[in-house]
């Protein structure tokens with residue numbers, strides 16, 4: 001297997017990778033094939049399938065869906081902050097990506113496949129070229145039946161790059177530091193780098209956290225026509241995942 005000599009960037013994440021989307025060869029790798037829980041990074045696959053359904057006209061942005069209670073009462077939910085159960089698909093999509101609302105993701109997943117949405121996720125993963133190391137068990141990234149959503153930084157690059165390439169409009173949403181729903185609620189992004197504007201051209205992509213996954217982030221930024229995708233998995237703090245991302249992006253745009 002080809003390996004890329006990576007510089008010592010003092011990355012704290014257990015697994016990390018950096019890619020230029022114009023070149024499949026990584027600019028940086030740290031344990032790219034170890035399997036780790038990915039928490040809400042899972043929502044990128046749900047997003048891919050939502051946008052696929054929108055493009056195939058089997059789902060409409062204006063359709064309304066009902067939120068259902070989550071088994072994990074501590075998990076981030078749209079209902080928890082709004083006390084409202086009925087939402088449009090567009091608002092649920094936004095809440096899933098911006099504030100990482102788990103109930104929004106689960107509602108969308110159930111709409112796309114009422115019987116076994118994780119099976120649909122795993123079949124799509126195979127089609128996109130992800131390895132058998134990746135396994136999806138829920139639309140939101142929450143654990144299900146004692147199982148965790150797992151992947152590798154290498155596989156998550158394939159997922160993120162496929163999403164951006166096929167459905168670039170996703171960046172219109174992931175670039176928002178906040179989003180105002182159609183009925184006037186404002187939700188804030190979990191991506192602190194957007195609000196702080198610490199990386200020029202940053203426009204996504206998705207944060208994640210569970211006790212098992214630690215703090216994760218798949219980032220993307222574009223400068224002077226060059227788009228990078230960074231993946232950091234299993235850092236110990238919120239700040240660490242963003243510091244690792246800043247370090248990777250700074251290196252990538254200089255090389």
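Cβ coordinates come from backbone N, Cα and C, glycine included.
Remember, TrEMBL labels are computer predictions, not curated facts.
Under the heading active site, acyl-ester intermediate, TrEMBL lists 40. Feature annotation from TrEMBL assigns active site, proton acceptor to 43. Sequence annotations record features per position, and here TrEMBL assigns active site to 100. Per TrEMBL, substrate binding site is recorded for 206. The domain 'Peptidase S11 D-alanyl-D-alanine carboxypeptidase A N-terminal' feature in TrEMBL is assigned to 3-236.
Across the residues of the domain 'Peptidase S11 D-alanyl-D-alanine carboxypeptidase A N-terminal' (3-236), the predicted structure has a mean pLDDT of 96. Other C-beta atoms found within 10 angstroms of the C-beta of residue 40 (active site, acyl-ester intermediate) number 28, with every protein chain shown included. Residue 100 (active site) has a Cβ environment of 27 other Cβ atoms inside 10 Å.
Counting only the Cα atoms, the space from residue 100 (active site) to the residue listed as 'active site, acyl-ester intermediate' is about 7 angstrom. Cα of the residue listed as 'active site, proton acceptor' to Cα of residue 206 (substrate binding site): a span of 8 Å. Secondary structure from DSSP puts the residue listed as 'active site, proton acceptor' in a helix. Note: the Cα of residue 40 (active site, acyl-ester intermediate) and the Cα of residue 206 (substrate binding site) are spaced 7 Å from each other. The Cβ of residue 43 (active site, proton acceptor) has 30 neighbouring Cβ atoms from other residues within 10 Å, across all protein chains displayed.
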